[in-house]
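Shown next, in C-alpha cells, is the structure this report addresses.
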C-alpha cells in the first residue's frame, strides 16, 4: 500500500493563475493580457498627440506653426513629422539626436515617432483584446479579423509608406489639415485616385455604407409588432428565442426590387463584413505599392495626342496637368529645405489651367 504525505488540491493556484484571474475575471471592465499592450500604448499615443497639438511647434521641421499655443485650432493643429534630414531615425529621447533633452526632442519631431509607434501597437492591442474576449466567451473572432483592416491602413500609410521613401518626413502628420495636405501630396505625386487599389478601397467603404443603410432600413421595416414597450428599443427581450424581424418578408421585398436578394442571414452579414474589410485591405496594399513608387494607370497615348493637338483633351489629361501643378507648386513650399525654385516657363500651363 502506498501512503502519500500531504494533500493535493486542484484549487491551488500558481502565480500565473492569479495574474490571469486579476486581468480577466476579477473586474467589471475587462483588461486581459492584451490590455498590458493596449492601455499603456493608447495612453502614450493619445497623451503624446494632445501634448504635441497643444504646445509643440513645427517650425524646426516644416517651417510651420502647428500648436494651440501658436494660434492653431483643432483643424489646423498637428503633431508633425520629423525633418527630412533625420531620415528613418527612431528619434528616441535618449538617442544621439536629442541626447535626453526633452525640449530638443520635441523640436526635432520626436513626438511623431512616439505617437506613430505607440498608436500602431495600441491598435494591435485592441485587436488582440477582441480576440481574447471572443475566446473567453466562446465567440468566433470575426470582430478582430474585421479590425485588422483599419490596422493595415494605418500601418501602410504611417509606417510602410515613409519607410519606402527617404524618411518619416513624407508620412502624414497627425492632424486634420495635415492629413488633407498629405492627400493632395498623394494625388500630385502618385496620381492616387487613378490607382486601382484606391478604387477598390473607395468601392469597399462606400459599398459598406450603402449596405449598412439598406440593412438597417430593412430590419426597421420588417420588425414584428411584438411586446408592450414604449418604443422599438424596449419592445423586445434581449434573451428572446424568436426572431425580431422577418427575414422572409425582407427577402420577398428585395427580390421584387432587384430581382435577387440574400437568402439567409449568414451570407448577408458575411457580405457586410467582406466588402469594407476587403476594400480597406486593398487600399493598404496599394499604399505599400506607392512606398515603392509603383505607378497608377498611365494612358500615354492620350497624353501624347493632347500634347500634339491643342483641341484634344480628356478628363485624364486635365488631371495629369493638375497633378503637375500640384507637384510644381507644392514641392517648393512642402520641402523648403530643398530650396526648390521653379522658373515661370517650367510651371505647368495648358488647356486645364
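In case you wondered, yes, glycine gets a Cβ from its N, Cα and C as well.
Fair warning: this is a prediction, and the values are worked out from it, not measured in the lab.
Going by Swiss-Prot, these are the annotated features:
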| type | residues | note |
| --- | --- | --- |
| BINDING | 118 | chlorophyll a ChlzD2 binding site |
| BINDING | 130, 143 | pheophytin a binding site |
| BINDING | 198 | chlorophyll a PD2 binding site |
| BINDING | 215, 262 | plastoquinone binding site |
| BINDING | 215, 269 | Fe cation binding site |
| MOD_RES | 2 | N-acetylthreonine |
| MOD_RES | 2 | phosphothreonine |
| TRANSMEM | 41-61 | transmembrane segment |
| TRANSMEM | 125-141 | transmembrane segment |
| TRANSMEM | 153-166 | transmembrane segment |
| TRANSMEM | 208-228 | transmembrane segment |
| TRANSMEM | 279-295 | transmembrane segment |
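Locations of recorded Swiss-Prot features on the structure.
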residue	record	CB count, 10 Å
118	chlorophyll a ChlzD2 binding site	21
130	pheophytin a binding site	20
143	pheophytin a binding site	15
198	chlorophyll a PD2 binding site	22
215	plastoquinone binding site	16
262	plastoquinone binding site	19
269	Fe cation binding site	14
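When the Cα of the residue listed as 'chlorophyll a ChlzD2 binding site' is compared against those of the binding-site residues 130, 198, 262, 269, the shortest separation belongs to 130. In the three-state DSSP assignment, the secondary structure recorded for residue 262 (plastoquinone binding site) is coil. With respect to residue 215 (plastoquinone binding site), the closest of these binding-site residues in Cα terms is 269, chosen from 130, 143, 198, 269.
Residue 215 (plastoquinone binding site) falls within a helix when secondary structure is assigned with DSSP. When secondary structure is read from DSSP and collapsed to three states, residue 269 (Fe cation binding site) falls in the helix class. Secondary structure at residue 143 (pheophytin a binding site), taken from DSSP and collapsed to helix, strand or coil, is helix.
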